[in-house]
Amino acid sequence: MAAANGLKTATTSQAYLQSSHVKQTKSLIADLCRQFYNLGWVSGTGGSITVKVHDDSVQKSDQLIVMSPSGSILFSPLPKAYPHKPPKCSDCAPLFMKAYDRRNAGAVIHSHGMESCLVTMIDPLAREFRVTHMEMIKGIQGHGYYDELVVPIIENTAHERELTESLAAAIEAYPKTTAVLVRNHGIYIWGDSWISTKTQAECYHYLFDAAIKLHQLGLDWSTPSHGPKRRTTTTSLKAGNLTLSNEAGSTPRCVVLDIEGTTTPISFVTDVLFPYARDNVRMHLEETYDSIDTQDDIKLLRSQVEDDLQQGVVGAVPIPSDDAGKEAVIAALVANVEGMIKADRKITSLKQLQGHIWRTGFEKNELKGVVFDDVPKALEKWHASGVKVYIYSSGSRLAQRLIFGYTNHGDLRKYLCGFFDTAVGNKRETKSYVEISESLGVDKPSEILFVTDVFQEAVAAKAAGLEVIISVRPGNGPLPENHGFTTVKSFTEIPF
């Protein structure tokens, strides 16, 4: 067993190395290695595990790192008699340290499980593993059943240590991921603690195994229905001045939909959702003030209001500290939220709070999502043909899931692969659509069709290389003359 450099002298002293904290972690790693050996994750010379010594008296960043075995050795086991080889430094050590440094991990597992190797071979050109609508996705940090799980794939090298930079690049490029696959090799998985890491490792291996078996059945694990895979053809369809043509077939690989004015009447948002949030914000804050969600909402709102006050935003009111009392804090929050709603501000702090307020309304059946009558049929058709459909809205992802989960046509989330909100950027900025294109893993942005009612959003998406259609619905704002985009009044007019 061993530890990394850069730790305080107190944690690297021989006395500390013999402490109960370190001994318990050593014993834990030995026990986990036995379990992982039986699972086939660390057989032969492959696989490894590293865990930080949990000690409340030491900051997490300074906690000792124990590996099996490790790099910068402070303590190592005595060699066994011949023919056993003496302990040596693990090639995995520099890769483990990237997860510790970049993700503040509490533990890292490197598995050579057969399923983690085979799943990267199904498509030798794939740069990502993607799966959605499987229960075990819920075991991956930050993901739910309806989310799309994306795991980056990096190419293998002859020596483990040579993977360090490509693994670090993948960690930076995929801030939400807790794992990186190595083609023809295995997987690195990390979490906040050894329990979180082990749980996620079990879920990842389950999902890889499921994908392999679905592939053997000719089914597509990356779509919500896991239906038959589409055959590849090269044709094109035209509608007005729009041409839809790509190597994946006669339809785009992905469709990204706006909500307000596209799938849903603007009046539902302005006349139903916004007033509900405004009228219930005080009661919601009073009833849920001490909850984790609401405290997180308050933290975001405080930060936003501080920026607003510095920039002289009209209607911004200082939010007192908690010492002023719950009522005073809530009164200031309500004043700010009402002003934000009135100004129809597209900011994360407001959208997140609104989503939590709406969640209560939907769960109490006080709210019901509304979509145009042509939307469910189009979603079902695209879903059946293998087209992946996503939502991109200024509303929070929670709010999006609620609208489509409680609609006047039932739960439509089974047709959706994922949700994007302003966390990827402003909807009128080209870089937001570049980010979405990269997240969806298409070969070319033109394989994505974006449908919106807002001209400025259409321009931004087009500049990023996406195909674009503008939705013209009752109540939508006027479009500029000679705007140059194809328009539809119903999804039935979209040519695929």
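Even glycines carry a Cβ here, placed using N, Cα and C.
Annotation comment: TrEMBL describes 1-220 as region 'Methylthioribulose-1-phosphate dehydratase'.
Here TrEMBL flags C92 as substrate 1 binding site. In the shown protein chains, 25 other C-beta atoms lie within 10 A of the C-beta of C92 (substrate 1 binding site).
Residues annotated as Zn(2+) binding site in TrEMBL: H110, H112, H185.
As annotated by TrEMBL, active site, proton donor/acceptor applies to E135.
Residues annotated as region 'Enolase-phosphatase E1' in TrEMBL: 255-496.
Neighbour density for D258 (Mg(2+) binding site): within 10 A of its CB lie 23 other CB atoms from the protein chains shown. Residues or ranges marked as Mg(2+) binding site in TrEMBL: D258, E260, D453.
The Cβ neighbour count for K427 (substrate 2 binding site), using a 10 Å radius and every protein chain shown, is 21. Feature annotation from TrEMBL assigns substrate 2 binding site to S393, S394, K427.
Fewest other C-beta atoms within 10 angstroms, among the binding-site residues S393, S394, are seen around S394. The candidate set comprises the binding-site residues H110, H112, H185. Of these, H110 has the most other Cβ atoms within 10 Å. The Cβ centroid of D258, E260, D453 marks the Mg(2+) site; residues of that chain outside this set whose Cβ lies within 8 Å of it are I259, G261, T262, T263, T264, I266, S393, T452, V454, E457, S471, N476, given in sequence order. A sphere of 10 angstroms centred on the C-beta of D453 (Mg(2+) binding site) encloses 22 other C-beta atoms. Most other Cβ atoms within 10 A: among the recorded positions E135, E260, that distinction falls to E260. Taking Cα separation as the measure, S393 (substrate 2 binding site) is nearest to E260 of the recorded positions E135, H185, E260, D453.
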